[in-house]
Structures are given as C-alpha cells and as structure tokens.
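I have placed the structure first, in the form of structure tokens, so that the comments after it can refer back to it.
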Amino acid sequence: MPPAYSLTYAQRAERHSNPAAKALLETIERKKSNLCVSVDVAKRADFLRVIDTVGPYVCLIKTHVDIIEDFEPALIERLNELSIKHDFLIFEDRKFADIGNTVALQYSSGVHKIAQWSHITNAHPVPGPSIIVGLSSVGLPLGRGLLLLAEMSTKGSLATGSYTEEAVRMARAHRDFVIGFIAQRRMDGVGASDVSSDEEDFLVLTPGVGLDSRGDSMGQQYRTPDEVVFESGCDVIIVGRGIYGKGNDVDTQTVQAQAERYRKEGWVAYEKRIARLS
Ligand code: S5P
C-alpha cells in the first residue's frame, strides 16, 4: 500500500472507517478545498456572517464556541443549517486536557453540548491515554473523530520531541476514534512503531497559516499553504485572521476573495504534492 501522503483525498476516503474522517476527505474532494476557516469572533452575528461568507470555499469550519458572548442554543441550529447549505463539517477546537471523567462531561454536557453538533474535536495528550478513553465513550457512538495536538504553531511550544512521539503512539493505540493530529508536518514514522507507516493514514490539520504575515504579537507563527501542504505534507490548512481580519465589519467581497485565495493556494499545493509523488 503506498503511503497516504502520495494518495488523493478520494483514495484516502476509501481507506477510512471513522465516519468523520471519511466525510471530511469526501468533502475536501467534492469541493476541491483543503481549507478550514477558524472563526474566532465574539459576537453571534459576526460568527454567522463570516461562516455564510466563507462557507462555499471550505471543507471545515473551526469554532471556539466559548468565545461567543451572546451564545444561545439556537446558534447551533443556525450553524447546522449553514453546514448543510454550504456542505462543510464542523470542528469545535475545544482542546480538552483533563481526566477522562471530566472531559466526557465537558464534551457531552454543559451549555454547549459539543458532541451533539461537532463532527471533530481535539485534545491535548498531556493527561495520557485516559483522555481518549473518556472522549471516545461519548464521541465514538455518535460517529465523531478526535485530533490530538501533537505540535503547536506557537513560538516556544513545549509539544516537541518525545512529547510529540508519545502523542503519535497514543493515537496509534486508538485508531477507531483518533483520526489525526493538529501538527505542523506529517507524523508518518514519528515514534518507533511496529505498524508500517503505509498502513496508517492520520489526517494532519495545520494552523498557523498566513500569506501576508509571518506572525502576530502574541507568539503565533505563520507559514504559507505551500510550505504547509507541499513541503510539510499536511492535509488541511487552518486559517483565521488571514481571511477575515478582526471579524467585525466584515466586507463580504474582501472575505470571499481571501477565502478563495487560500482555497486555491491550498489546492494547488496539494496537486503539486500528488504530481511529485505519483
Ligand atoms: O497550534 C495551534 C493549534 C491551534 S488549534 N495553533 C493555533 O493557532 N490553533 C488555533 O488556530 C487557534 O486557537 C486559532 O483558533 C487558530 C489560528 O488562528 P489565526 O487567526 O492565527 O489564523
């Protein structure tokens, strides 16, 4: 079996049995978009406006639902309607990091009831494998998928070296629910394994992507879609402020143009990678 990074998204969709991973790969192929927009805005109206504007250009919308000041449960209904209208999946970037029992409650309950609407969520591997056990007890029966934060985009991140390797080993032991990583490069071959890297196909979703800036004043670091998808072999680019700026006063045409610009850059980088490897 050829390694996953040399296959098309469509070929990889056939190799996955987790419903969220399969649906994401199929959506990427159908929309010719490996762009995920991260909608980090504080007002409900801005949140919906940005999503409705970028919806046609993305495979995935990433949310931080706890940022929204005027949250109400009906917002999730609107989000679901937009997900159907524009054909994208939803990823709540919750970054769980507690003991299994607590994360299971945080995932299923509270005001936000994340597991009910978010196809994909993520967790820090810091507590060890019990965090996956806790989250999968809620998410697996619902067909959800989990990403582990194996690396981070920020300056001085501690998620490097043996921490990253352990994250990959934890994922390998739970391949039914862990569909991939938040990371800056492919994780194939990271952490010695008796699993041939050709057999596994973890998705790599990569934040810290920008075309017009190399970072912000709070430690964020940006790379271009070409660096991320072509050079580092990642699967999905996650872009926030590079597309909508501050997110209020959204100028629809500008945001649309930026979303299409990132979609195109991400897709061209993927086609270049596939052409080089096939
Ligand atoms: O390592 C990381 C992991 C994540 S999920 N670095 C990140 O920036 N993120 C998230 O990606 C972060 O929480 C934010 O929602 C988004 C990046 O936003 P941007 O505006 O800097 O593109």
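Counting begins at 1 with the first residue displayed.
The backbone N, Cα and C atoms fix where each Cβ goes, and this holds for glycine too.
It should be emphasised that the depicted structure is a prediction, and the values quoted were computed from it without experimental measurement.
The active site, for OMPdecase activity annotation in TrEMBL covers Asp93 (among others). A simple way to gauge crowding: the CB of Asp93 (active site, for OMPdecase activity) has 24 other CB atoms within 10 angstroms, across all the protein chains here.
Summarising the annotation, TrEMBL assigns active site, for OMPdecase activity to Lys95 (among others). Taking a C-beta cut-off of under 8 Å and a sequence gap of six or more, Lys95 (active site, for OMPdecase activity) has these contacts in its own chain: Asn122, Ala123, His124, Leu149. In the three-state DSSP reading, Lys95 (active site, for OMPdecase activity) counts as strand.
Sequence annotations record features per position, and here TrEMBL assigns active site, for OMPdecase activity to Asp98 (among others). The Cβ of Asp98 (active site, for OMPdecase activity) lies under 8 Å from the Cβ of Gln106, Pro127, Ile131, each of which sits 6+ residues away along the same chain.
Secondary structure at Asp40 (substrate binding site), taken from DSSP and collapsed to helix, strand or coil, is coil. Applying an 8 A CB threshold to same-chain residues 6+ apart, the list for Asp40 (substrate binding site) reads His64, Ile67, Gly240, Arg241, Gly247. The substrate binding site annotation in TrEMBL covers Asp40, Lys62, Ser153, Gln220, Gly240, Arg241.
The domain 'Orotidine 5'-phosphate decarboxylase' annotation in TrEMBL covers 34-255.
Taking each of the binding-site residues Lys62, Ser153 in turn and counting other Cβ atoms within 10 Å of its Cβ gives the largest count for Lys62. Contact annotation for recorded positions (Asp40, Asp93, Lys95, Ser153, Gly240, Arg241) versus ligand 1: Asp40, Asp93, Ser153, Gly240, Arg241, each with CB under 6 Å from a ligand atom. Sitting within 8 Å of the Cβ centre of Asp40, Lys62, Ser153, Gln220, Gly240, Arg241, and not among those site residues for substrate, are the Cβ atoms of Ser38, Pro207, Gly208, Ile238, Val239. In this structure the C-alpha atoms belonging to Ser153 (substrate binding site) and Asp93 (active site, for OMPdecase activity) are separated by 14 Å.
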